Structures are given as structure tokens and as C-alpha cells.
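S.K.: Grabbed the feature section from TrEMBL, which reads as follows:
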BINDING   Cys143, His145, Glu179, His201, His416  Mn(2+) binding site
DOMAIN    225-326  domain 'Peptidase M20 dimerisation'
Amino acid sequence: MNRTDAELAAALITWRRELHRHPETGWTEFWTTAFAADVLHSLGYAPRVGREILNPDQRMGLPAPAVLERARQRAVQEGAAPRWLERMGPATGLVADLHPGREPDLVLRFDLDALEMPEADDAGHLPAREGFASRHPGLCHACGHDGHTALGLGLAALLRRDATRLACNVRLLFQPAEEGVRGASALIQQVLGARRFLAVHLGLGAPESGSLVTGLSGFLATTKFDARFTGHAAHAGLAPEAGRDALQGAAEALLALHALPDQTDQSGQEGQAKQKGRINVGLLAGGSARNIVPDQAVMACETRCVDREADNALLATASATLGRIARERELGLEITIQGRAGCANSDAELAQLLARTALELPPGPDGQPLFAAGKICSEGRMAASEDAATLMEAVQLGGGQAAYALLGADLAGGHHTPHFDFDESVLWPGALWLAAVCGRLCG
């Protein structure tokens, strides 16, 4: 690497560590958005932020207004630039175009949000040992999104070097609220018309530094929803008959949802049924005291389906089941959608191009390839859900191609665990690879 490259490689790690210190959960990424906007502006971009890129009314799983305001004030206290906060309004996230004013030919998505969980503080955890652990109790970057944001900023710096050579517009989309699949639906307009879309995740099915999976498929459509039952409280000893038990109704509903037949089709060989969808109730809570008939209960539920049609059908069946039980027990019922994502598969042609590009990169300063041929795979499966699938789906329905890639990284702990950390040295090769992809697709 020449000196300029060395400085930029170091900057990626610096950016990642600063982001790691300031974790913010979905829709509260005010400091993170302002930080990324500052970096992009210093590189010569004109970032658009918050309400400038999405409709705030289309956000799902929104925190309470008091939570949002506290997050905004915390961002101010931690040095977020007022000009960005003013432009954001109530929303977070940002977009940077290499050639503003043009429709995007290629969109790359990088997620911003952290998780609501404590970070490890022992000496064996590198962020704690090196002094860049979370400053926010109960919040941490345990899924690598700090690395994703830093990767996007590094790519932005590399693209500015070659801006005159790139004829097409490359759009960098920094998405809020990926966790819980709450953010992408509000940003679909930012990918409409794009010919290609790419999202990248650190680790997961590529937990080894120097490896790549360039075309992940099998993402499941999902809907996250809450069902809140409302009854009437009464003294459990003196007048239980005067109450309407919301918790009992919710318990009946839980059993009824799990008793729903799996969504299946008969497309398998010899008519073998193929599972298309399932539902899970992950939380049930209600009541206030042991001697009071519960007047409130809430269920946190989700669907997982192989396609949108099956997901819509399962959601409709679940809603009808909940409604029937509420009517029979004379309970109020409110169903709130907290998140939704589509299903998607990577386009093989684009995935293969991504793999070839990685193989053709110049070797590193040690003379070794940045990505070895034996560690690059153009196909992979992920039987889970991802918010990027909604954006992939939108691009593909518009006639474009999309891919979801995994940037391999040695991991110190599993995703969504307190000891999660990744090998930061993969950020620079990852940025070089993405820049080369942009050059090949948009040069």
C-alpha cells in the first residue's frame, strides 16, 4: 500500500471504533447519522439525511417519542453537528450520491443500528481492553453494523478518487433500523430504477478473514407484529366475574396460533408437502398483580415464509384467529405491525461478477492475494430474514439485479452476544473490493 492507502486503511479502523463507542438502536441513530454525514461531507459528498430521504410516516417499530427525544439530546451532548440534526428532523439514515442529480445505477446498502444488549467489559474483549467499548449502558454493536458503516465510508473515499472515471451514479445508502426489519420499507424509493443493488454483511456464514460469499439466497419473508388484548380488571377474590381476563385470552390465542397448520404446498417430488411458512410467539406478558384479573396482555409474534404470498396468507389467518378469540371473550384487540421484510435470492450473474472481481484484485503489500480463490464462493444459503431483502426485491421487480454478500472475518464471539467482535483488518480489503466492483459496473 502507498501512504495514501495506508492512511485510509487506518481511517477505516478509527471510524469503526468511534462508531462502536456510540451504539444507537433503530430509529435513534442521530449521532451515527451525523458522524457519517460529517465524514462524507469532508470527502466532497452532499449527503441527504433523515426526512430528506424517507417518509417518517412509513417507519415501522418506532420507539416512543420520549425515547427518540432522549436519543436526540444524547447525540447533541456527544457532539453531533446541529446542522445535520436540524435537517434530519425526526428520522435517521442518509444517502450519498457519487454524481448527484442522476438516477442511481448501482446502490450499496450499509446498516447503522446497534442492539439493545450490554457489551462485555472484561479484559479479554478487545473493545474493552483498547478503550472503544460502548459508552451507552445496555446498548452495543454486536452484529458488525459499526463495521458496515465504516466500510461504506471507506468505499466513499475510494470512489472519490475515481469519480471522473465512473460514468454512472453510485448511491451509498446508510440504512437505519435494520434490526427487526423496520427500516427498509421506508427507503424503497431510494433504490427504484437502479440496475443493480448490493448489500454486505460481516461474518455470519463467512466467519474466516479473507473469505467471501458473493451471492446469498434463501431469505425468508417475515412480519413482526404485536397483539394487544384489553379486558376489564376486577378483584380476583371478591368479584372475579366482573372482570374480563385479557391474559387468559392471550394465552388461548398463543395456543391457537401455534396450532395453525403450517403453510405448505404440494410442489415437491411425489406430492411431498413443502413447508412455506410458520409462526412464532416469542413473548407473552400481561397482568399487574396476583389478586387482580388481568386487564392487559401483549403478545410479540412473527411469521417466517418462503414468499410474500405465503406471508400475507399466514398473517391474515393469524389476524382472523386473534380477532375471533377477542370477540368470544369480549376483549379489545389491537394488532400493530412492527416490521416487515420480503424474500429474496441473489442473482447468479451478479454474484459471479462479484467473485471474479475479488479474484482479480492486486495482491496486498505482503504479496498475498486479498481473497484467495479457495475462500471465495458465489453461492450461499441463509434461511433467515434480512431487511435488505425488501430492497433487493424492489430492484429485481424493476428489472434489475441484486446480491447479498458476506465479507469473511474472524470473530471473537458470536453475533448478538456480549463478546462479539470482528477482525478489523478485513475492512480495507473489503473497501478495495467494493470499489473495484463499482469500477467494473459503472466505469
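Cβ coordinates are placed from backbone N, Cα and C, and glycine is handled just like the others.
Locate each feature and note its surroundings.
M.R.: Under 8 Å, Cβ to Cβ, and six or more positions away along its own chain, His416 (Mn(2+) binding site) finds Leu115, Met117, Ala142, Cys143. Secondary structure from DSSP puts His416 (Mn(2+) binding site) in coil.
Taken residue by residue, the domain 'Peptidase M20 dimerisation' (225-326) breaks down under DSSP into 38 helix, 36 strand, 28 coil.
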S.K.: Within 8 Å of the centroid of the Cβ atoms of Cys143, His145, Glu179, His201, His416, which other residues of that chain place their own Cβ, given that this set defines the recorded Mn(2+) site?
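M.R.: Along the chain, the qualifying residues are Asp111, Asp113, Leu115, His141, Ala142, Gly144, Glu178, His415.
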S.K.: For Cys143 (Mn(2+) binding site), list the number of other Cβ atoms lying within 10 Å of its Cβ atom.
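M.R.: Summing over all protein chains shown, Cys143 (Mn(2+) binding site) has 23 other Cβ atoms within 10 Å.
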S.K.: Write out the long-range same-chain contacts of His145 (Mn(2+) binding site), meaning residues 6 or more apart in sequence whose Cβ is under 8 Å from its Cβ.
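M.R.: Within the chain, His145 (Mn(2+) binding site) has Cβ neighbours under 8 Å at Asp111, Leu112, Asp113, Ala114, Glu178.
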